[in-house]
Amino acid sequence: MRPCHVHPQISTPISGTAFAGDPDMLQDVCVADLASKVNVNGFVCKDKVAAVDFFFDGLKNPGKTNNKQGSIVTPANVQQIPGLNTLGVSMARIDYAPGGQNPPHTHPRATEIVFVLEGQLDVGFITTVNVLVAKTIMKGEVFAFPRGLLHFQKNSGYAPAAVIAAFNSQLPGTQQAAAALFKATPPMPSDVLAKAFQIGVMDVEKIKKNL
């Protein structure tokens, strides 16, 4: 999986259209008031600012990976660092047990780039013309996942792995493909999923139960 094979036409550019991350800031800082009940596109600014609003130490230690997927994401976005409000950046740490994976998911509001702290990962994303762009990455290497595209990471080594991820959004959002389809509330109609995946309704119900 080491080589990276790219389809010659993996996307269709839209003339005259620009894509970016979060809107530009209009002041020096706007530390998020996470307790405010006012609904805006982002968070209301709080009155007083302190250094702690721009600080977070949650990425320095590995997370626990003893779960079904064998991975854990530790976010460092505006909900952990209120000072990121309006700055258009955030980070995360992802830890993987041997064989663990960060299952197929998307970030609707951000492009992601990962830096491998340790281990070996098979990573990839799928374009809107259903081309898989995949590669094996090692310690010290970097890989980018375009905004909104379905992507994954899997620890293909025999030791724990970890990455630091960066995003061009203060709150990139995450939508897990399997959970979105099979664990939505209210639930996606089973007959719709059965027809989409060309499986039986009972198979759909089994998947829902297992998730």
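Cβ coordinates are placed from backbone N, Cα and C, and glycine is handled just like the others.
Copied over from TrEMBL:
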BINDING   N102, H107, E112  oxalate binding site
BINDING   H105, H107, E112, H151  Mn(2+) binding site
DISULFID  C30-C45  disulfide bond
DOMAIN    54-205  domain 'Cupin type-1'
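For the recorded positions C45, N102, H107, a Cα to Cα distance of within 10 angstroms from H151 (Mn(2+) binding site) holds for N102, H107. For C30 (disulfide bond), the number of other Cβ atoms no farther than 10 Å from its own Cβ, over all displayed protein chains, is 20. Confidence over the domain 'Cupin type-1' (54-205), given as mean pLDDT on the 0 to 100 scale, stands at 97. Sparsest Cβ environment among the binding-site residues H105, H107, H151 (other Cβ atoms counted within 10 Å): H105. Same-chain neighbours of the oxalate site beyond N102, H107, E112, judged by a C-beta within 8 angstroms of the site's C-beta center, are, in sequence order, A92, H105, T106, V114, F145, H151, A165, F167, P172, T174.
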